[in-house]
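Report on the structure given below.
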Amino acid sequence: SNRPMPLNIYQFKNMIQCTVPSRSWWDFADYGCYCGRGGSGTPVDDLDRCCQVHDNCYNQAQEITGCRPKWKTYTYECSQGTLTCKGRNNACAATVCDCDRLAAICFAGAPYNDNNYNIDLKARCQ
């Protein structure tokens, strides 16, 4: 499917590059049961748990009328590895920005296990 990438994903990607400059953001695009495409089963490790929390955060953001987290752009700043969501965001943007900010910080603190990249979702994420 050649759909455009949701706008917010670019911002989330840049946030990840702010907190984890040593890794490609692609390393997080298909990891465990929750990072990227998945969303079921038990998280395989702490990093995968970061993504589960991020998914849940987006689900909560969707409760805000008209809020579509994957498409919502927001205002933020990256300074020396520190992320700040800026005050110009409305309720939806502020919530989504915080979801992404907390996930990017979570990624920076979680060990990366190469064995959990591109796993078999059917086998391991029931």
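Note that Cβ sites are derived from N, Cα and C of the backbone, with glycine treated the same way.
Record features, source Swiss-Prot:
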type     : residues           : note
ACT_SITE : H54                : active site
ACT_SITE : D100               : active site
BINDING  : Y34, G36, G38, D55 : Ca(2+) binding site
DISULFID : C18-C78            : disulfide bond
DISULFID : C33-C125           : disulfide bond
DISULFID : C35-C51            : disulfide bond
DISULFID : C50-C106           : disulfide bond
DISULFID : C57-C99            : disulfide bond
DISULFID : C67-C92            : disulfide bond
DISULFID : C85-C97            : disulfide bond
Checking the disulfide-bonded residues C50, C67, C85, C99 for other Cβ atoms within 10 Å of each Cβ, the smallest tally belongs to C67
Intrachain C-beta neighbours of C92 (disulfide bond), sequence separation six or more, cut-off 8 angstroms: A61, I64, G66, C67, P69, K72
Between the Cα atoms of C50 (disulfide bond) and G36 (Ca(2+) binding site), find the distance and write it as a whole number of Å. 12
Rounded Cα distance, in Å, between C33 (disulfide bond) and D100 (active site) is 18
Give me the Cα-Cα distance between C57 (disulfide bond) and C78 (disulfide bond), rounded to a whole Å. 21
Counting Cβ neighbours within 10 Å across all chains shown, tell me which of the recorded positions D55, D100 comes out on top. D100
Inter-residue C-alpha distance, C85 (disulfide bond) and D100 (active site) (nearest angstrom): 10
Whole-number Å distance separating the Cα atoms of C106 (disulfide bond) and C35 (disulfide bond) is 12
